[in-house]
Amino acid sequence: MGIKGLTKLLADNAPKAMKEQKFESYFGRKIAVDASMSIYQFLIVVGRTGMETLTNEAGEVTSHLQGMFNRTIRLLEAGIKPVYVFDGKPPDMKKQELAKRYSKRDDATKDLTEAVEVGDKDAIEKLSKRTVKVTRQHNEDCKRLLRLMGVPVVEAPSEAEAECAALCINDKVFAVASEDMDSLTFGAPRFLRHLMDPSSKKIPVMEFDVAKVLEELELTMDQFIDLCILCGCDYCDSIKGIGGQTALKLIRQHGSIESILENLNKDRYQIPEDWPYQEARRLFKEPNVTLDIPELKWTAPDEEGLISFLVKDNGFNEDRVTKAIEKIKSAKNKSSQGRLESFFKPTATTSAPLKRKETSDKTSKAAANKKTKAGGKKK
């Protein structure tokens, strides 16, 4: 879920903290990517038509491998150096949210069965996506693929978003890429949305600057964390009836959740019983992360290993894989040039910040009006 409604809240109240960037503008940049979020997107979109997905001869789904392979090559060809970060053990506080997701997926599975029985194609298309689950095997498959491609993998002790933020805070990477906004709450200095979108969508990358977020909202980092908890996060329920704008107003007025609770109209707003907001706050401020990782290296691809894994084990087209490997090798040579900023003083960016509602609304409408169709044969 991430932080409920945070993108719109920032677009309306902190537009200078957001700017649209071209995909190619991240040439030479090291970017930490939330792997689980990307895999989930690939399973939903790549090669899917209704209940049909890309599979190998054994009937095992390969959509995640197809998506990860192609999307990573696109990053490398643009001179971007991705670091994929995988989730570890979720914190206990997230178990309630995960249980809700499992319940919704079970409900969707039951509804999907009924839709199949009556032949409702629209319902099948919609419900089949709601039943998607990223498994441990999906993660292990992608880790193996990335290592064969010569792309670094980081296994987080807990939340991938928190680990990504820690890598960015400690200058291991330039920015964090995900679709969930949690990384901002964990303090990532720079956060990117839509970096992993397919090129066919033609949606610009949205870059968020956390320092400018705080400046625009006139909040401290502690207050921003409290704001995110009030908006709704993965760790605890929020106060019903308090949306983003009201939460921002209350934080500006009272400064903290404790002070808000002391002054809140209890007849109008129902506070969750035994509300663990303090523990949620602690998880954002003191997440379980590690910087004890091997040096991040982007190496030459293992050509034989890739052909064995993708072609022999998973039924990929050998000619396409061979050509893709050549793209990886060519991209590695290109990215070794590095950014000009390594040699010359950087100039000020010409990227314009978003206007308040107008640009945000136009971007949303443009995205809504375009549907992506993934290619690939069903097997």
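Keep in mind that glycine also has a Cβ here, set from the backbone N, Cα and C atoms.
Taking a C-beta cut-off of under 8 angstroms and a sequence separation of 6 or more, Asp182 (Mg(2+) 2 binding site) has the following same-chain neighbours: Gly2, Ile3, Glu159, Glu161, Ala162, Cys233, Asp234. Annotated Mg(2+) 2 binding site per Swiss-Prot: Asp180, Asp182, Asp234, in sequence order.
Swiss-Prot lists 355-364 with the feature compositional bias 'Basic and acidic residues'.
The compositional bias 'Basic residues' annotation in Swiss-Prot covers 368-379.
Summarising the annotation, Swiss-Prot assigns region 'I-domain' to 123-254.
Marked as region 'Disordered' by Swiss-Prot: 331-379.
Residues or ranges marked as region 'Interaction with PCNA' by Swiss-Prot: 336-344. Regional average pLDDT for the region 'Interaction with PCNA' (336-344) in the model is 52.
Neighbour counts of Cβ atoms within 10 Å were taken for the binding-site residues Asp180, Asp234; the minimum is at Asp180.
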